[in-house]
Amino acid sequence: MNTDTQKHEDAMSTTTPARAPHDDAPSGQQPGQGRVGAGLFEPKQLVKSLPDAFRKLDPRVMAKSPVMFVVLVGSVLTTAFSVTEPGDWFGWTISAWLWLTVLFANLAEAVAEGRGKAQADTLRRAKTDTVARRADGTTVPGTGLTVGDLVVCEAGDVIPGDGDVVEGVASVDESAITGESAPVIRESGGDRSAVTGGTKVLSDRIVVRITTKPGETFIDRMINLVEGAARQKTPNEIALNILLASLTVVFLLACATLPPFADYAGTHLDMIVLVALLVCLIPTTIGALLSAIGIAGMDRLVQRNVLAMSGRAVEAAGDVSTLLLDKTGTITLGNRQAAEFVPVRGVTEAELADAAQLSSLADETPEGRSIVVLAKEKYGLRERHQGELVGAEWIGFTAQTRMSGVDADGRKVRKGAAGSVVAWVRERGGSGTEDADTAVERISAAGGTPLLVAVEDERGARVLGVVHLKDVVKQGMRERFDELRRMGIRTVMITGDNPLTAKAIADEAGVDDYLAEATPEDKMALIKREQAGGKLVAMTGDGTNDAPALAQADVGVAMNTGTSAAKEAGNMVDLDSNPTKLIEIVEIGKQLLITRGALTTFSIANDVAKYFAIIPALFAAVYPGLDKLNIMGLSSPDSAILSAVVFNALIILVLVPLALKGVRYRPTSADRMLRRNLGVYGLGGLVAPFIGIKLIDLIVSLIPGIG
């Protein structure tokens with residue numbers, strides 16, 4: 001066993017409160033709470049966002065939203081016409097509310113971005129100017145480091161850049177990144193080697209190989225992303241913008257044909273009235289909130305300590321149809337514990353325990369450590385260390401061999417998956433035993449994990465027995481998988497366990513399918529097979545061997561505790577390193593898509609009421625029959641037009657909290673979800689304007705000269 005690692009973990013356990021493995025939230029925080037909490041409409045946040053809302057009046061910024069750009073142009077036109085007639089209070093009032101419509105839209109986006117900027121400020125405080133000490137003893141500013149440089153970091157040093165530990169082990173304070181106050185272990189080799197620039201070494205000494213250029217570190221990328229500087233419109237967002245622009249062009253052409261009709265009917269349509277009609281008919285509600293919805297979706301992930309590298313990844317999460325979930329840490333608690341030693345006939349428990357402990361001395365996994373501890377506690381075997389075995393050759397575990405062990409003192413000991421160990425024994429002229437097969441089947445059928453232990457010595461190669469590792473399925477997982485099934489999402493458990501063990505745990509947890517004895521190649525093949533069937537796939541990973549699959553998956557969530565290669569390959573990073581959070585990520589993605597669809601439905605539906613308000617007001621005097629369309633009984637043409645414009649602006653402000661918070665998400669099928677949204681937001685979009693415009697008309701009609 002690596003004594004340095006054990007020493008650090010023992011020291012940490014005495015100074016930090018114990019936590020269950022993979023808690024859903026960092027210590028001291030509630031689940032779902034990120035580094036920076038922010039209310040939807042805190043007064044300070046609104047005040048800070050107002051200057052940004054005015055700055056966004058720049059036509060170059062407004063042009064990114066075709067619908068709101070038309071409203072901006074309309075506001076300028078109505079203001080220009082009102083200037084020519086200073087006494088026209090109707091024109092000035094319309095102009096004022098059109099400007100408010102634009103400002104409300106900008107304010108929604110500014111508030112959404114403001115939450116990200118608050119998080120960026122927190123991250124900036126984590127960035128400090130550092131002086132790096134190279135391995136050769138020379139010093140250089142942190143900004144002068146290049147990829148491949150080796151730097152030495154000791155207790156109290158701030159790590160100058162992103163990299164991998166190539167020598168040593170240390171505890172590191174990553175609270176500036178994750179919000180987690182408890183230090184973490186970073187060591188060379190394995191999947192805990194990645195370190196982040198701006199974090200602080202608390203103890204001992206490590207040598208770090210720099211893997212990123214200055215300005216491209218993890219913190220730099222986080223700042224750019226949460227501030228929105230690197231945010232690009234997603235394909236769905238672009239498609240919706242094209243649809244909204246097309247509707248705007250159609251209504252623009254329709255309004256352009258009205259003046260000739262008015263002239264033919266012997267009446268005149270004022271430009272201010274035409275602009276008001278156009279603004280009320282085009283889908284301003286969703287046009288105003290579309291950008292804020294996308295920004296808020298990424299913000300909800302950040303609040304849960306998940307960093308999405310692009311909005312495309314968040315959308316893909318909402319469309320995922322297959323979830324690949326690692327068993328350990330995601331479905332089970334993660335730390336399997338050795339429960340018993342089951343020797344074959346002719347072998348004593350003490351002999352099996354001795355061999356199992358010996359083969360586990362170099363095994364730094366919780367399972368390996370538990371074998372060493374069980375042998376010590378149950379059979380009185382003293383805890384040995386690697387250094388005691390002079391000339392020993394330690395065989396590390398790999399995903400291909402699926403076993404580990406040691407060659408020392410004239411014998412070879414192996415421990416690992418049953419199939420791999422039996423194959424190793426047979427290659428050396430030995431054979432498996434019926435006792436071992438029976439024990440493997442019994443343990444697997446009970447949902448445990450059997451590890452076979454074998455030895456080759458002067459008596460030949462033979463199986464000694466089985467180590468029983470117990471797995472515990474996390475509470476509530478079956479209910480979560482039932483929810484995913486109702487949403488039409490297929491779940492697949494990925495495990496290196498044998499098929500019997502995998503099936504027992506899959507049945508207990510309630511997943512749809514499982515992939516047993518999985519290698520990285522098997523995982524990649526499964527992803528490609530699912531994608532070939534037109535499905536979007538999401539998965540988690542933390543090791544370098546996960547990198548190809550993370551890059552291939554539509555949603556690849558890398559653990560922050562993982563390797564640099566894994567974090568580079570994924571399109572999301574979970575700062576809490578909680579694999580179970582993948583299910584939450586999918587729910588947030590679906591909530592984003594549902595919110596966008598619901599508000600689009602509402603926006604298009606409420607145009608109907610505005611039509612019944614304005615068209616009769618324009619032509620009822622010339623065509624009395626149109627007065628029948630005035631089903632709201634609006635008091636006058638001017639009042640009808642003004643009421644529609646006021647409602648059009650206020651509804652944006654009313655819906656901003658919904659756009660930022662998201663429509664309430666309930667796990668259900670796509671058909672039921674569609675019917676519900678059409679009922680709530682389609683019908684609501686029809687009814688709300690009739691009520692709102694009528695109430696505003698009652699107030700407006702009291703204004704002299706309009707009512």
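Cβ atoms are placed via backbone N, Cα and C, with glycine included.
According to Swiss-Prot:
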- 1-37: region 'Disordered' (REGION)
- 1-11: compositional bias 'Basic and acidic residues' (COMPBIAS)
- 61-81: transmembrane segment (TRANSMEM)
- 89-109: transmembrane segment (TRANSMEM)
- 238-258: transmembrane segment (TRANSMEM)
- 271-291: transmembrane segment (TRANSMEM)
- ASP326: active site, 4-aspartylphosphate intermediate (ACT_SITE)
- ASP363, GLU367, PHE397, THR398, ALA399, GLN400, THR401, ARG402, MET403, SER404, LYS415: ATP binding site (BINDING)
- ASP542, ASP546: Mg(2+) binding site (BINDING)
- 612-632: transmembrane segment (TRANSMEM)
- 640-660: transmembrane segment (TRANSMEM)
- 683-703: transmembrane segment (TRANSMEM)
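Annotated features, which come from Swiss-Prot, shown on the structure.
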residue: ASP326; record: active site, 4-aspartylphosphate intermediate; Cβ contacts under 8 Å, 6 or more apart: MET493, ILE494, THR495, THR540, GLY541, PRO579
residue: PHE397; record: ATP binding site; Cβ contacts under 8 Å, 6 or more apart: ASP363, THR365, MET403, SER404, GLY416
residue: THR401; record: ATP binding site; Cβ contacts under 8 Å, 6 or more apart: GLY416, SER420
residue: LYS415; record: ATP binding site; Cβ contacts under 8 Å, 6 or more apart: ALA355, ALA356, SER359, SER360, ASP363, ILE371, MET403, SER404, GLY405, VAL421, LEU451, LEU452, VAL453, ALA454, VAL467
residue: ASP546; record: Mg(2+) binding site; Cβ contacts under 8 Å, 6 or more apart: PRO520, LYS523, ALA558, GLY562, ALA566, ALA569
Distal contacts, the transmembrane segment (640-660) - CB-CB under 8 A, six or more residues away: 40-41, 90, 93-94, 97-98, 100-101, 104-105, 107-108, 111-112, 273, 276-277, 279-280, 284-285, 288-289, 292-293, 296, 299, 595, 599, 602, 606, 610, 613-614, 616-617, 630, 634, 688-689, 692-694, 696-697, 700, 706
In three-state DSSP terms, the structure that PHE397 (ATP binding site) belongs to: coil
Candidates ASP363, ASP542: member of the binding-site residues with the richest Cβ shell (10 Å): ASP542
ASP546 (Mg(2+) binding site): secondary structure state under DSSP, collapsed to three categories: helix
Coarse DSSP state, helix versus strand versus coil, of MET403 (ATP binding site): strand
Cβ packing number for MET403 (ATP binding site), 10 Å threshold: 23
